[in-house]
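Since the structure comes first, as structure tokens, the remarks are kept for the end.
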Amino acid sequence: MIYEESDDVTEIEKAIGVFDSGLGGISVLRELRRWMPKERYLYFGDSAFAPYGEKARTDITQRCIQICDELVNRGVKAIVIACNTATSACVEELRKRYPHLPIVGMEPALKPAVEGKQAQQVIVMATRFTLKEKKFELLMSRYQKEHCIYKLPTPKLVELVEQDKLEDHALVEATLREYFAPYDLSGIDSIVLGCTHFVFFREQIRHIVGNQIALVDGNAGTSRHVLELLEKHGTCQTEDGHHDITILNSSPDPAYIALSKKLLNIESF
């Protein structure tokens, strides 16, 4: 079912728009549903243009504007940028373009990884774009005097999700071990999963690094923030109704829709 705005749909009944460079944002959608199971959701994956992490800022911004225009035209009541790279590239520009709409972005969860702790050693896994952007440099500068922070770009992981390789355990493990090889993991306190695609590798990462290292992502914090904003605006859905999910993708290949549903752990809509 395609969700579109109609005259008899109230603000509360409208969908929450969620988008990502591809399928990583499905991990955010899963968490949003846990926090707000009665809401409608409209998800857009830009798999035809993935990955964003290797693109120029202007190209990413152009894509995000096109996607958000589509979501706004379909009548969403809020937009979640379920992509750290897109947030780094253009969240402020999107907020200026749609001042009437709550827009929630994401950034690597470095703050919860180190706050209230002393002399932490932290690996931040993210895209190259996110790690080189001023937004992350400012975030990192708040904590690097007291903590040792390692930036680890891991673009191959995005490709593994987009290519439906998550169940190729040998390939996934080999890729992860290659990325972690330069580090003495016995001295690492936490690993930040700074790309929404990486949340799908949590179990495999845990298998490699052990239980002593905390794995931190921003999905729960983002979902909580969305809930708080909807409550503030009085648009949070509290009644049972048509809490359906619509998934769209820029790729004409239907395999991306099927994979999105698989990652969401839903057989039918």
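Using the three backbone atoms N, Cα and C, a Cβ is placed for every residue, glycine included.
Annotation source TrEMBL lists substrate binding site at Asp20, Ser21, Tyr52, Gly53, Asn84, Thr85, Thr196, His197. Residues or ranges marked as active site, proton donor/acceptor by TrEMBL: Cys83, Cys195.
Structure coloured by features recorded in TrEMBL.
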residue	record	contacts (Cβ under 8 Å, 6+ apart)
Asp20	substrate binding site	Ile26, Val28, Phe44, Gly45, Asp46, Ile81, Ala82, Cys83, Ala86, Thr196
Ser21	substrate binding site	Gly45, Asp46, Ser47, Phe49, Ala50, Pro51, Tyr52, Gly53, Cys83, Thr85, Ala86, Val158
Asn84	substrate binding site	Met106, Glu107, Pro108, Ala126, Thr127, Thr130, Gly194, Cys195, Thr196, Gly218
His197	substrate binding site	Gly22, Leu23, Gly24, Ser27, Leu157, Val158, Val161, Glu162
Assigned element (helix, strand, coil) containing Thr196 (substrate binding site), judged by DSSP:
helix
Please give me the CB contact count at 10 A for Gly53 (substrate binding site), counting all chains in the structure.
25
Name them in sequence order: residues not among Asp20, Ser21, Tyr52, Gly53, Asn84, Thr85, Thr196, His197 whose Cβ is within 8 Å of the mean position of the Cβ atoms defining the substrate site.
Gly22, Gly24, Gly25, Ala50, Pro51, Cys83, Ala86, Thr127, Thr130, Val158, Cys195
DSSP three-state assignment for Asp20 (substrate binding site):
strand
Once the chains shown are all counted, how many other Cβ atoms turn up within 10 Å of the Cβ of Tyr52 (substrate binding site)?
28
